[in-house]
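Participant: Can you read through this structure? Questions will come right after.
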Amino acid sequence: MEEARKLEEGTLGNKTDVLVKEEQKNKDIVSQSRDDQEVVNKIDGGDVVEQHDQNEAKKIEAVEQKADEEVTVVKQIRSKRVATLDAFRGLTIVLMILVDDAGGSYSRIDHSPWNGCTLADFVMPFFLFIVGVAIALALKKVPRINDAVKKIVLRTIKLLFWGILLQGGYSHAPDELAYGVNMKRIRWCGILQQRIALVYLVVALIETFTTKRRPTVIDSGPTSIFTAYKWQWVGGFVAFLIYMITTFSLYVPDWSFVLHNDDGAERYTVKCGMRGHFGPACNAVGHVDRQVWGVNHLYSQPVWSRLKACTLSSPSEGPLREGAPAWCLAPFEPEGLLSSVLAILSGTIGIHYGHVLIHFKGHSERLKQWLSMGFGLLIIGIILHFTDAIPINKQLYSFSYVCFTAGAAGIVFSGFYILIDVWGYRTPFLFLEWIGMNAMLVFVMGAQGIFAAFFNGWYYETPDKTLVHWIQKHVFINVWHSERLGTLLYVIFAEITFWGVVAGILHKLGIYWKL
């Protein structure tokens, strides 16, 4: 197991080949020993020959046992997973559950209303970062390009399907005991449906089609890893150009929307007529989505309604202030088309970290590459934000936001690598590994509330009298005499801890849900 761990770290070098050669050598020794024994049996006889046979048999048994042990080590090395990768993926799922279900109680961990970055704003880029790392490891050897392309396209379609089902409006889990969506108002975008699917498709296809142009050995030098995978960076740069040119040059005209309520429908008009604007109402990101998808197919509850311009309760939710702008009620798509184009750059940065993991064998070499890039991106994002050149903005998925969050992802990933793979502190992070190994299951059943919705379907007298509501109210909120603290503790123990245990049990049983 120690050798298996070293191979994943890259410090074992070509140990696997050595073991395979040693295994063949042992087999040759066994064969030669048996041949020698047959010759002796033909020439000699008596007790001397018998004793010789016993000695030879012991030698053969010892060699065979050693060969079996070597084969076992080789199999363990080949099958071992990258622990840091699973732990980081599990951390991302945990953050999603935390901010989705406790963010309403603690606005400081909820999404930033517009400019800035909170805990919730790290979830999406962390997802895309780890998708990139996983692509590099999964596609490091592509035996047949056509088969790989088919798998990539099929997985993209599966992501699109689950995205529309869970986030398009069809599912109303976990609170409403209903399903179905008006196709005139279905939301076409979402975390799985568009952003992760698009990033995965583009980054994975570039990785696949350039597989024959990759060097097997990276030259020494600080830029060698970049030049070796230049086409991946070309793809990210093209996405960057498309986003930046469109954002600064596209003219955004006046636009209108219809707000439906109990009293009927009312039309509002938003005045724009400008270019290169980074505010909520007149940015190019929103304009592209309104033109492509239609204003009725965008997210109807954008976080900008928590801005000071919209409510006196800012940064928390609250009633609209008197004289609030019309756009405070307007829909906006935080996972829209143009912003998803720049999200490809987040996946490109992630796949770079995967390439470093593959080609650099020592801990210090890997960490030097990872940390230098992580801190560099972090500094670029901070400078762009505080100079007001390009503010950090998750809703727009601005370039400064990409740099800041990708840098943070790289630093956190490096920290996990040091703790888990270098220092060997794996036990405290096992629950994250388990969740990461069954990320899709926990995402659908936990983060999207399908499991809680199942139990909410069994209620007593009224829909608000369910096991889930009873536990949340009587075990957590009433005990701590605080709805905010009780909600937070419920999320930590009844959701995150619960799914950690479930994922651990499934891991022990060898059950995984993969797309």
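From the backbone N, Cα and C atoms, a Cβ is placed for every residue, glycine too.
Straight out of TrEMBL:
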- 81-206: domain 'Heparan-alpha-glucosaminide N-acetyltransferase catalytic' (DOMAIN)
- 82-99: transmembrane segment (TRANSMEM)
- 119-140: transmembrane segment (TRANSMEM)
- 152-170: transmembrane segment (TRANSMEM)
- 190-210: transmembrane segment (TRANSMEM)
- 231-252: transmembrane segment (TRANSMEM)
- 337-358: transmembrane segment (TRANSMEM)
- 370-387: transmembrane segment (TRANSMEM)
- 399-419: transmembrane segment (TRANSMEM)
- 431-455: transmembrane segment (TRANSMEM)
- 488-506: transmembrane segment (TRANSMEM)
Participant: Would you mind splitting the domain 'Heparan-alpha-glucosaminide N-acetyltransferase catalytic' (81-206) into helix, strand and coil residue counts from DSSP?
Facilitator: 79 helix, 3 strand, 44 coil
Participant: Taking a Cβ cut-off under 8 Å, which residues six or more beyond the ends of the transmembrane segment (431-455) line up next to it in the same chain?
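Facilitator: Those are 81, 83, 85-94, 96-97, 100, 162, 166-167, 171, 173-175, 177, 466-468, 495, 497, 499-504, 506-507, 511-515, in sequence order.
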Participant: Report, as numbers and ranges, which residues of the same chain sit near the transmembrane segment (337-358): CB under 8 Å and 6 or more residues beyond its ends.
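Facilitator: For the transmembrane segment (337-358), the sequence-distant neighbours (Cβ-Cβ under 8 Å, at least 6 residues beyond its ends) are 10, 82, 124-125, 128-137, 140, 189, 194-195, 198-200, 202-203, 207, 225-226, 228-229, 232-233, 235-236, 239-240, 242-243, 246-247, 284-285, 288-289, 292-293, 366, 369-370, 373, 377, 395-399, 402, 405-406, 409-410, 413.
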Participant: Same-chain Cβ contacts of the transmembrane segment (152-170) under 8 Å, 6 or more residues past its ends?
Facilitator: 179-182, 185-194, 196-197, 200-201, 204-205, 208, 444, 448, 450, 515
Participant: Taking 82-99, 231-252, 399-419, 488-506 as candidates, which has the most Cβ pairs under 8 Å with the transmembrane segment (190-210)?
Facilitator: 231-252
Participant: So which of 82-99, 370-387, 399-419, 488-506 has the most C-beta pairs under 8 Å when paired with the transmembrane segment (231-252)?
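Facilitator: Per the Cβ count, the answer is 399-419.
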Participant: Over the domain 'Heparan-alpha-glucosaminide N-acetyltransferase catalytic' (81-206), work out the mean pLDDT and round it to an integer.
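Facilitator: Within the domain 'Heparan-alpha-glucosaminide N-acetyltransferase catalytic' (81-206), the model's average pLDDT equals 90.
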Participant: Quickly jot the same-chain residues contacting the transmembrane segment (82-99) by Cβ under 8 Å, restricted to those at least six beyond its ends, or write none.
Facilitator: 8, 109-111, 119-120, 122-123, 126-127, 130, 133-134, 137, 357, 412-413, 416-417, 420-421, 426, 429, 431-437, 439, 442-443, 446-447, 491-492, 495-496, 499, 503
Participant: For the transmembrane segment (488-506), find every same-chain residue at least 6 residues outside the stretch whose CB is under 8 Å from a CB in it, and list them.
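Facilitator: Counting only partners 6 or more residues beyond its ends, the transmembrane segment (488-506) has Cβ contacts under 8 Å with 90, 94, 97-98, 101-102, 105-106, 430-432, 434-435, 437-438, 441-442, 445-446, 471-472, 475-477, 480, 512.
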